[in-house]
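What Swiss-Prot says about this protein:
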- His59: O2 binding site (BINDING)
- His88: heme b binding site (BINDING)
- 2-142: domain 'Globin' (DOMAIN)
- Ser4: phosphoserine (MOD_RES)
- Lys8: N6-succinyllysine (MOD_RES)
- Thr9: phosphothreonine (MOD_RES)
- Lys12: N6-succinyllysine (MOD_RES)
- Lys17: N6-succinyllysine (MOD_RES)
- Lys17: N6-acetyllysine (MOD_RES)
- Lys41: N6-succinyllysine (MOD_RES)
- Thr109: phosphothreonine (MOD_RES)
- Ser132: phosphoserine (MOD_RES)
- Thr135: phosphothreonine (MOD_RES)
- Thr138: phosphothreonine (MOD_RES)
- Ser139: phosphoserine (MOD_RES)
Amino acid sequence: MVLSAADKTNVKAAWSKVGGHAGEFGAEALERMFLGFPTTKTYFPHFDLSHGSAQVKAHGKKVGDALTLAVGHLDDLPGALSNLSDLHAHKLRVDPVNFKLLSHCLLSTLAVHLPNDFTPAVHASLDKFLSSVSTVLTSKYR
């Protein structure tokens with residue numbers, strides 16, 4: 001999915017509001033995903049998936065860091081996320097549908113924490129961005 005100039009502006013502006021909370025929001029989105037879509041827990045059998053666990057927080061930080069990297073490379077998502085794509089496709093073998101589920105949970109988390117900034121236009125831009133990230137992360141499955 002191609003991000004327009006307006007989408008890129010919206011994504012960068014929204015992510016700037018996330019600031020140093022990317023890891024916290026990533027962890028919250030993971031918790032939402034585990035609660036709303038329990039089958040996603042199968043990829044984390046070695047994790048303590050309870051609320052506030054150190055392992056979920058650590059993985060949430062990885063998610064937040066990856067999204068921060070992606071926001072910084074909106075014009076080259078495939079290059080920026082190539083290593084993560086390899087990891088998820090070849091080593092972890094995550095079912096691609098799970099990226100969509102996590103994206104949904106990330107949007108919900110951002111809407112809760114950024115209510116004044118989460119306009120319909122920003123929502124649409126973030127949705128396109130997360131869809132683009134998901135597409136890149138699943139590109140090496142083929």
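Cβ coordinates come from backbone N, Cα and C, glycine included.
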Checklist outcome for this item: Students should find that the Cα atoms of Thr135 (phosphothreonine) and Thr109 (phosphothreonine) sit apart, in Å rounded to an integer, by 21
Item to check | Close in space, distant in sequence - Lys8 (N6-succinyllysine), Cβ under 8 Å, 6 or more apart | outcome: Leu74, Ser125
Checklist outcome for this item: Secondary structure of the domain 'Globin' (2-142) by DSSP, residue by residue, totals 108 helix, 0 strand, 33 coil
Next on the checklist: What whole-number Å value do you get for the CA-CA distance of Ser4 (phosphoserine) and Ser132 (phosphoserine)?
Outcome noted: 12
Item to check | Nearest recorded site to His88 (heme b binding site) by CA-CA distance, among modified residues Lys41, Thr109, Thr138 | outcome: Thr138
Next on the checklist: I need the least crowded one of these recorded positions (Lys17, His59), counting other C-beta atoms within 10 angstroms of each C-beta.
Outcome noted: Lys17
Checklist outcome for this item: In this structure, the one of the modified residues Ser4, Thr135, Thr138, Ser139 whose CB has the fewest other CB atoms within 10 Å is Ser4
Checklist entry - Which one of these modified residues, Thr9, Thr109, Ser132, has the sparsest Cβ neighbourhood, judged by other Cβ atoms within 10 angstroms? => result Thr9
Checklist entry - Of all the modified residues given, namely Thr9, Thr109, Ser139, which is spatially nearest to Ser132 (phosphoserine) at the Cα level? => result Ser139
